[in-house]
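**Student:** Input: one structure, supplied below.
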Amino acid sequence: MEKALQFDVIASCTTSKARTSLMKLPHYTVETPVFMPVGTKGSVKSVLPEQLEDMNCQIILGNTYHLGLRPGVELLKKAKGLHNFMGWKRALLTDSGGFQMVSLLHMAEINEQGVNFESPYDGTKSLLTPEKSIQIQNAIGADIIMQLDDVVPTTSKDNERMEEATHRTTRWLDRCLSAHERPTEQNIFPIVQGGLIENLRKLSANLHLERKVNGYAIGGLVGGEDKEDFWKMVILSTNLLPCDKPKYVMGVGFAVDLVICCALGADMFDCVFPTRTARFGCALISSGQISLRHNKFRMDFRPIEKNCRCSTCKTYTRAYIHQIVCTEAVSCSLLSIHNLHYQMQLMKGIRESIKVNKFPEFVQEFMTNIYPDKSYPQWCLDALQSVNIELK
(Lines of atoms letter the chains of each structure in order from A and count residues from 1; the text may use other names and numbers.)
(Lines give C-alpha, C1' and ligand atoms only; values in the text may rest on other atoms or scores of the structure.)
Protein backbone atom coordinates (compact mmCIF):
# COMPACT_ATOMS: atom_id res chain seq x y z
CA MET A 1 0.00 0.00 0.00
CA GLU A 2 1.18 3.54 -0.73
CA LYS A 3 0.98 4.65 2.89
CA ALA A 4 0.24 3.00 6.20
CA LEU A 5 -3.25 4.52 6.48
CA GLN A 6 -5.86 5.46 3.91
CA PHE A 7 -8.97 7.19 5.26
CA ASP A 8 -12.08 7.52 3.10
CA VAL A 9 -15.26 9.14 4.41
CA ILE A 10 -18.15 7.28 2.78
CA ALA A 11 -21.13 9.09 4.34
CA SER A 12 -21.75 12.05 6.62
CA CYS A 13 -24.76 13.04 8.70
CA THR A 14 -26.36 16.15 7.22
CA THR A 15 -27.48 17.33 10.67
CA SER A 16 -24.58 16.63 13.03
CA LYS A 17 -20.82 16.06 12.67
CA ALA A 18 -21.15 12.25 12.59
CA ARG A 19 -19.54 10.42 9.69
CA THR A 20 -18.73 6.85 8.70
CA SER A 21 -15.50 5.94 6.98
CA LEU A 22 -13.21 3.16 5.84
CA MET A 23 -9.76 3.26 7.42
CA LYS A 24 -7.42 1.03 5.43
CA LEU A 25 -4.55 -0.22 7.61
CA PRO A 26 -1.75 -2.72 6.85
CA HIS A 27 -3.54 -5.59 8.63
CA TYR A 28 -7.22 -4.75 8.11
CA THR A 29 -9.68 -2.21 6.75
CA VAL A 30 -11.58 -0.80 9.72
CA GLU A 31 -15.07 0.69 9.54
CA THR A 32 -15.53 3.82 11.63
CA PRO A 33 -16.93 4.93 14.00
CA VAL A 34 -15.27 2.03 15.81
CA PHE A 35 -14.94 0.85 19.40
CA MET A 36 -11.66 -0.90 20.21
CA PRO A 37 -11.63 -3.49 23.01
CA VAL A 38 -8.60 -3.21 25.27
CA GLY A 39 -6.08 -6.04 25.43
CA THR A 40 -3.57 -4.30 27.68
CA LYS A 41 -1.06 -7.15 27.91
CA GLY A 42 -1.76 -8.74 24.53
CA SER A 43 -5.04 -10.36 25.57
CA VAL A 44 -8.60 -9.05 25.83
CA LYS A 45 -9.51 -10.43 29.24
CA SER A 46 -11.58 -13.64 29.07
CA VAL A 47 -12.05 -13.46 25.28
CA LEU A 48 -10.15 -15.37 22.56
CA PRO A 49 -9.04 -13.68 19.31
CA GLU A 50 -11.34 -15.95 17.27
CA GLN A 51 -14.28 -14.93 19.49
CA LEU A 52 -13.46 -11.28 18.80
CA GLU A 53 -13.45 -12.03 15.08
CA ASP A 54 -16.82 -13.80 15.37
CA MET A 55 -18.38 -10.58 16.72
CA ASN A 56 -16.69 -8.62 13.89
CA CYS A 57 -14.24 -6.80 16.10
CA GLN A 58 -11.91 -5.10 13.63
CA ILE A 59 -9.23 -3.51 15.80
CA ILE A 60 -8.03 -3.98 19.40
CA LEU A 61 -5.70 -2.07 21.67
CA GLY A 62 -2.54 -3.07 23.53
CA ASN A 63 -0.42 -1.13 26.00
CA THR A 64 3.22 -0.30 25.32
CA TYR A 65 4.26 0.10 28.94
CA HIS A 66 3.01 -3.33 30.00
CA LEU A 67 4.07 -5.15 26.82
CA GLY A 68 7.51 -3.55 27.06
CA LEU A 69 7.94 -5.06 30.51
CA ARG A 70 6.36 -8.42 29.67
CA PRO A 71 7.01 -10.11 27.29
CA GLY A 72 9.56 -7.43 26.31
CA VAL A 73 11.08 -6.19 23.06
CA GLU A 74 13.42 -9.14 22.46
CA LEU A 75 10.64 -11.73 22.60
CA LEU A 76 8.26 -9.58 20.51
CA LYS A 77 10.90 -9.24 17.80
CA LYS A 78 11.54 -12.99 17.87
CA ALA A 79 7.79 -13.61 17.57
CA LYS A 80 7.67 -11.17 14.61
CA GLY A 81 5.31 -8.83 16.43
CA LEU A 82 2.24 -8.99 18.60
CA HIS A 83 -0.07 -10.04 15.76
CA ASN A 84 1.81 -13.32 15.39
CA PHE A 85 2.43 -13.74 19.10
CA MET A 86 -1.25 -13.55 20.11
CA GLY A 87 -2.77 -14.95 16.92
CA TRP A 88 -4.65 -11.78 15.93
CA LYS A 89 -5.04 -11.19 12.18
CA ARG A 90 -6.81 -7.84 12.20
CA ALA A 91 -5.73 -4.31 13.12
CA LEU A 92 -3.91 -3.31 16.29
CA LEU A 93 -3.40 0.02 18.06
CA THR A 94 -0.95 0.52 20.92
CA ASP A 95 -1.11 3.20 23.58
CA SER A 96 2.28 4.75 24.30
CA GLY A 97 2.41 4.25 28.06
CA GLY A 98 1.58 7.88 28.77
CA PHE A 99 -1.64 7.05 30.61
CA GLN A 100 0.41 5.18 33.21
CA MET A 101 1.63 8.60 34.36
CA VAL A 102 -1.87 8.94 35.80
CA SER A 103 -2.81 5.35 36.65
CA LEU A 104 0.61 4.56 38.15
CA LEU A 105 1.47 8.08 39.31
CA HIS A 106 2.58 6.80 42.71
CA MET A 107 5.22 4.72 40.89
CA ALA A 108 6.35 7.35 38.34
CA GLU A 109 8.61 10.39 38.16
CA ILE A 110 8.26 12.66 35.14
CA ASN A 111 10.90 14.96 33.64
CA GLU A 112 11.92 16.27 30.21
CA GLN A 113 13.81 13.09 29.39
CA GLY A 114 10.83 10.79 29.98
CA VAL A 115 9.10 8.90 32.78
CA ASN A 116 10.89 6.89 35.46
CA PHE A 117 8.66 3.97 36.42
CA GLU A 118 8.91 1.40 39.15
CA SER A 119 7.85 -1.96 37.74
CA PRO A 120 4.57 -3.23 39.26
CA TYR A 121 5.98 -6.75 38.82
CA ASP A 122 9.34 -6.68 40.62
CA GLY A 123 9.97 -3.09 41.69
CA THR A 124 12.86 -2.49 39.27
CA LYS A 125 13.27 1.04 37.88
CA SER A 126 13.00 1.78 34.17
CA LEU A 127 13.01 4.98 32.11
CA LEU A 128 10.36 5.28 29.40
CA THR A 129 11.43 7.95 26.93
CA PRO A 130 9.67 8.94 23.70
CA GLU A 131 12.37 7.03 21.81
CA LYS A 132 11.98 3.93 23.99
CA SER A 133 8.18 4.02 23.61
CA ILE A 134 8.50 4.03 19.82
CA GLN A 135 11.19 1.32 19.91
CA ILE A 136 8.80 -0.93 21.84
CA GLN A 137 5.89 -0.08 19.54
CA ASN A 138 7.99 -0.78 16.45
CA ALA A 139 8.69 -4.24 17.91
CA ILE A 140 4.99 -4.77 18.74
CA GLY A 141 4.12 -3.92 15.12
CA ALA A 142 0.71 -2.31 15.69
CA ASP A 143 -0.95 -0.58 12.74
CA ILE A 144 -1.45 2.60 14.78
CA ILE A 145 0.98 3.67 17.47
CA MET A 146 0.65 6.57 19.88
CA GLN A 147 3.20 9.20 20.71
CA LEU A 148 4.38 9.32 24.33
CA ASP A 149 2.54 12.24 25.89
CA ASP A 150 2.77 14.04 29.22
CA VAL A 151 -0.57 13.30 30.87
CA VAL A 152 -1.96 15.39 33.73
CA PRO A 153 -5.28 14.45 35.40
CA THR A 154 -8.13 16.65 34.15
CA THR A 155 -9.13 17.32 37.74
CA SER A 156 -5.76 19.01 38.42
CA LYS A 157 -6.00 22.71 39.34
CA ASP A 158 -2.31 23.29 38.54
CA ASN A 159 -2.58 25.32 35.33
CA GLU A 160 1.19 25.84 35.20
CA ARG A 161 1.76 22.06 35.20
CA MET A 162 -0.93 21.65 32.52
CA GLU A 163 0.78 24.21 30.31
CA GLU A 164 4.14 22.51 30.82
CA ALA A 165 2.63 19.14 29.87
CA THR A 166 0.99 20.59 26.74
CA HIS A 167 4.26 21.97 25.38
CA ARG A 168 6.22 18.89 26.45
CA THR A 169 3.77 16.63 24.61
CA THR A 170 4.63 18.41 21.35
CA ARG A 171 8.37 18.20 22.04
CA TRP A 172 7.98 14.49 22.76
CA LEU A 173 5.96 14.10 19.54
CA ASP A 174 8.94 15.36 17.54
CA ARG A 175 11.22 12.90 19.33
CA CYS A 176 8.76 10.08 18.59
CA LEU A 177 8.58 10.98 14.90
CA SER A 178 12.39 11.10 14.68
CA ALA A 179 12.73 7.70 16.37
CA HIS A 180 10.08 5.96 14.22
CA GLU A 181 11.72 3.24 12.10
CA ARG A 182 8.64 1.81 10.33
CA PRO A 183 6.68 4.81 8.93
CA THR A 184 5.44 2.87 5.88
CA GLU A 185 3.96 0.13 8.10
CA GLN A 186 2.86 1.95 11.24
CA ASN A 187 1.11 5.27 11.88
CA ILE A 188 2.03 7.59 14.74
CA PHE A 189 -0.94 9.54 16.06
CA PRO A 190 -0.17 12.74 17.99
CA ILE A 191 -2.27 13.31 21.11
CA VAL A 192 -4.02 16.63 21.67
CA GLN A 193 -3.58 17.63 25.31
CA GLY A 194 -4.38 20.75 27.32
CA GLY A 195 -6.75 19.46 29.98
CA LEU A 196 -9.91 21.54 30.26
CA ILE A 197 -8.16 24.79 29.31
CA GLU A 198 -9.50 25.93 25.96
CA ASN A 199 -6.49 27.95 24.80
CA LEU A 200 -4.12 25.06 25.64
CA ARG A 201 -6.28 22.59 23.70
CA LYS A 202 -6.20 24.93 20.71
CA LEU A 203 -2.45 25.40 21.04
CA SER A 204 -1.83 21.65 21.25
CA ALA A 205 -4.00 20.88 18.22
CA ASN A 206 -2.47 23.66 16.12
CA LEU A 207 1.09 22.61 16.97
CA HIS A 208 0.31 19.01 16.02
CA LEU A 209 -1.24 20.11 12.74
CA GLU A 210 2.21 21.34 11.67
CA ARG A 211 3.52 17.75 11.70
CA LYS A 212 2.98 15.24 8.90
CA VAL A 213 0.80 12.46 10.37
CA ASN A 214 -2.11 10.27 9.27
CA GLY A 215 -4.48 10.73 12.22
CA TYR A 216 -4.97 12.37 15.60
CA ALA A 217 -5.95 11.42 19.13
CA ILE A 218 -7.75 13.55 21.71
CA GLY A 219 -6.30 12.66 25.10
CA GLY A 220 -6.30 13.77 28.70
CA LEU A 221 -10.08 13.37 29.16
CA VAL A 222 -12.34 10.80 30.89
CA GLY A 223 -10.47 11.43 34.12
CA GLY A 224 -13.31 12.39 36.42
CA GLU A 225 -14.06 15.79 34.91
CA ASP A 226 -17.61 17.13 34.67
CA LYS A 227 -19.44 15.86 31.57
CA GLU A 228 -20.17 19.44 30.47
CA ASP A 229 -16.43 20.08 30.35
CA PHE A 230 -15.80 16.74 28.65
CA TRP A 231 -18.04 17.23 25.64
CA LYS A 232 -16.92 20.82 25.12
CA MET A 233 -13.27 19.71 24.91
CA VAL A 234 -14.22 16.94 22.46
CA ILE A 235 -16.05 19.23 20.04
CA LEU A 236 -13.39 21.92 20.40
CA SER A 237 -10.81 19.35 19.34
CA THR A 238 -12.81 17.75 16.51
CA ASN A 239 -13.51 21.23 15.10
CA LEU A 240 -9.79 22.01 15.01
CA LEU A 241 -8.60 18.71 13.52
CA PRO A 242 -8.79 18.02 9.75
CA CYS A 243 -11.84 16.28 8.30
CA ASP A 244 -9.80 13.99 6.04
CA LYS A 245 -8.08 12.15 8.92
CA PRO A 246 -9.37 9.92 11.74
CA LYS A 247 -10.04 11.43 15.18
CA TYR A 248 -9.63 9.15 18.19
CA VAL A 249 -11.07 10.09 21.61
CA MET A 250 -9.09 8.04 24.09
CA GLY A 251 -10.69 6.19 26.99
CA VAL A 252 -14.37 6.48 25.97
CA GLY A 253 -16.51 3.36 26.42
CA PHE A 254 -19.90 4.14 28.01
CA ALA A 255 -22.65 3.75 25.42
CA VAL A 256 -24.10 7.26 25.88
CA ASP A 257 -20.63 8.80 25.59
CA LEU A 258 -19.94 6.82 22.41
CA VAL A 259 -23.14 7.98 20.71
CA ILE A 260 -22.61 11.62 21.66
CA CYS A 261 -18.92 11.65 20.69
CA CYS A 262 -19.88 10.24 17.28
CA ALA A 263 -22.34 13.12 16.91
CA LEU A 264 -19.50 15.51 17.81
CA GLY A 265 -17.35 14.16 14.97
CA ALA A 266 -15.13 11.52 16.58
CA ASP A 267 -14.25 8.25 14.83
CA MET A 268 -12.41 5.94 17.25
CA PHE A 269 -12.77 4.96 20.90
CA ASP A 270 -11.36 2.50 23.44
CA CYS A 271 -12.10 1.52 27.03
CA VAL A 272 -11.74 -1.38 29.45
CA PHE A 273 -15.33 -0.83 30.65
CA PRO A 274 -17.17 -3.67 28.79
CA THR A 275 -14.84 -6.39 30.08
CA ARG A 276 -14.17 -4.83 33.47
CA THR A 277 -17.86 -4.45 34.29
CA ALA A 278 -18.37 -8.06 33.12
CA ARG A 279 -15.99 -9.23 35.84
CA PHE A 280 -18.33 -7.64 38.38
CA GLY A 281 -21.35 -9.47 36.97
CA CYS A 282 -22.81 -6.61 34.92
CA ALA A 283 -24.30 -6.98 31.45
CA LEU A 284 -24.85 -4.17 28.93
CA ILE A 285 -28.30 -4.01 27.36
CA SER A 286 -30.25 -1.51 25.24
CA SER A 287 -31.80 0.09 28.32
CA GLY A 288 -28.50 0.47 30.18
CA GLN A 289 -27.03 -2.34 32.24
CA ILE A 290 -28.12 -5.03 34.68
CA SER A 291 -26.29 -6.73 37.53
CA LEU A 292 -26.79 -10.47 37.23
CA ARG A 293 -25.60 -10.86 40.82
CA HIS A 294 -29.04 -9.64 41.91
CA ASN A 295 -31.27 -12.38 43.28
CA LYS A 296 -34.19 -11.34 41.06
CA PHE A 297 -32.48 -13.14 38.16
CA ARG A 298 -32.37 -16.49 39.98
CA MET A 299 -35.43 -17.82 38.09
CA ASP A 300 -35.12 -15.66 34.96
CA PHE A 301 -34.77 -18.04 32.00
CA ARG A 302 -34.52 -15.38 29.32
CA PRO A 303 -31.27 -14.54 27.51
CA ILE A 304 -29.44 -11.45 28.77
CA GLU A 305 -31.10 -9.45 26.01
CA LYS A 306 -33.90 -10.47 23.67
CA ASN A 307 -32.80 -10.70 20.02
CA CYS A 308 -29.10 -10.50 20.90
CA ARG A 309 -27.15 -12.78 18.56
CA CYS A 310 -24.01 -13.17 20.67
CA SER A 311 -22.91 -16.72 21.53
CA THR A 312 -23.78 -16.15 25.20
CA CYS A 313 -27.37 -15.13 24.55
CA LYS A 314 -27.86 -17.92 22.01
CA THR A 315 -27.07 -20.54 24.65
CA TYR A 316 -27.31 -19.31 28.23
CA THR A 317 -29.98 -17.75 30.43
CA ARG A 318 -29.87 -14.99 33.00
CA ALA A 319 -30.63 -17.61 35.65
CA TYR A 320 -27.60 -19.71 34.70
CA ILE A 321 -25.23 -16.75 34.66
CA HIS A 322 -26.65 -15.57 37.99
CA GLN A 323 -25.80 -18.98 39.42
CA ILE A 324 -22.14 -18.80 38.41
CA VAL A 325 -21.46 -15.06 38.29
CA CYS A 326 -18.37 -13.89 40.19
CA THR A 327 -17.69 -17.43 41.45
CA GLU A 328 -16.83 -19.31 38.25
CA ALA A 329 -14.24 -17.91 35.82
CA VAL A 330 -16.39 -18.82 32.83
CA SER A 331 -18.98 -16.22 33.87
CA CYS A 332 -16.43 -13.48 33.12
CA SER A 333 -15.98 -14.91 29.64
CA LEU A 334 -19.72 -15.21 28.96
CA LEU A 335 -20.44 -11.66 30.09
CA SER A 336 -17.38 -10.18 28.36
CA ILE A 337 -18.43 -11.76 25.08
CA HIS A 338 -21.94 -10.36 25.45
CA ASN A 339 -20.76 -6.88 26.46
CA LEU A 340 -18.28 -6.59 23.62
CA HIS A 341 -20.88 -7.87 21.16
CA TYR A 342 -23.19 -5.14 22.47
CA GLN A 343 -20.51 -2.50 21.79
CA MET A 344 -19.87 -3.87 18.28
CA GLN A 345 -23.58 -3.82 17.45
CA LEU A 346 -23.96 -0.30 18.85
CA MET A 347 -21.19 0.98 16.57
CA LYS A 348 -22.61 -0.92 13.60
CA GLY A 349 -26.00 0.69 14.24
CA ILE A 350 -24.38 4.12 14.30
CA ARG A 351 -22.54 3.46 11.02
CA GLU A 352 -25.62 2.10 9.26
CA SER A 353 -27.79 5.01 10.39
CA ILE A 354 -25.26 7.52 9.02
CA LYS A 355 -25.17 5.73 5.66
CA VAL A 356 -28.93 6.22 5.22
CA ASN A 357 -28.86 9.71 6.79
CA LYS A 358 -30.93 8.60 9.79
CA PHE A 359 -28.40 9.26 12.55
CA PRO A 360 -30.55 11.80 14.47
CA GLU A 361 -33.38 9.24 14.52
CA PHE A 362 -30.93 6.61 15.78
CA VAL A 363 -29.81 8.94 18.57
CA GLN A 364 -33.43 9.62 19.59
CA GLU A 365 -34.31 5.93 19.74
CA PHE A 366 -31.13 5.09 21.62
CA MET A 367 -31.63 7.84 24.20
CA THR A 368 -35.31 6.94 24.66
CA ASN A 369 -34.31 3.35 25.44
CA ILE A 370 -31.78 4.54 28.04
CA TYR A 371 -34.04 7.26 29.48
CA PRO A 372 -37.65 6.08 28.91
CA ASP A 373 -39.00 8.84 31.15
CA LYS A 374 -37.06 11.36 29.01
CA SER A 375 -35.03 12.59 31.98
CA TYR A 376 -32.04 13.21 29.74
CA PRO A 377 -28.92 14.55 31.49
CA GLN A 378 -28.42 18.23 30.74
CA TRP A 379 -24.96 17.63 29.32
CA CYS A 380 -26.43 15.24 26.74
CA LEU A 381 -29.01 17.83 25.69
CA ASP A 382 -26.37 20.54 25.45
CA ALA A 383 -23.89 18.40 23.52
CA LEU A 384 -26.46 17.21 21.00
CA GLN A 385 -27.96 20.68 20.57
CA SER A 386 -24.48 21.94 19.68
CA VAL A 387 -24.67 19.72 16.57
CA ASN A 388 -28.35 20.44 15.80
CA ILE A 389 -29.91 17.31 17.33
CA GLU A 390 -32.90 18.07 19.56
CA LEU A 391 -34.15 15.26 21.77
CA LYS A 392 -37.91 14.89 22.16
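Here the Cβ of each residue, glycine as well, is placed from N, Cα and C on the backbone.
Since this is a predicted model, take the numbers as computed values, not measurements.
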**Student:** Which stretch, out of 40-44, 50-54, 95-99, 275-279, is listed as region 'RNA binding' by TrEMBL?
**Tutor:** 275-279
**Student:** Given 251-257, 328-334, 342-348, which one carries TrEMBL's region 'RNA binding' label?
**Tutor:** 251-257
**Student:** Might you list, by sequence position, any residue in that chain lying six or more from Gly97 (substrate binding site) with a Cβ less than 8 Å away from its Cβ?
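**Tutor:** Sequence-distant Cβ neighbours: Asn63, Thr64, Tyr65, Gly68, Val115, Leu128, Ser133, Ile136, Leu148.
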**Student:** Nearest to Asp149 (substrate binding site) in three-dimensional space, by Cα, is which of the binding-site residues Cys310, Cys313, His338?
**Tutor:** His338
**Student:** Mind checking which residues reach the region 'RNA binding' (251-257)? Cβ under 8 Å, same chain, six or more beyond either end.
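**Tutor:** Distant contacts of the region 'RNA binding' (251-257): 35, 99, 219, 221-223, 230, 266, 269-274, 284, 342-343, 346, 366-367, 370, 380.
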**Student:** To the nearest whole angstrom, what is the C-alpha distance linking Gly220 (substrate binding site) and Asp270 (active site, nucleophile)?
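**Tutor:** Taking the Cα atoms only, Gly220 (substrate binding site) lies 13 Å from Asp270 (active site, nucleophile).
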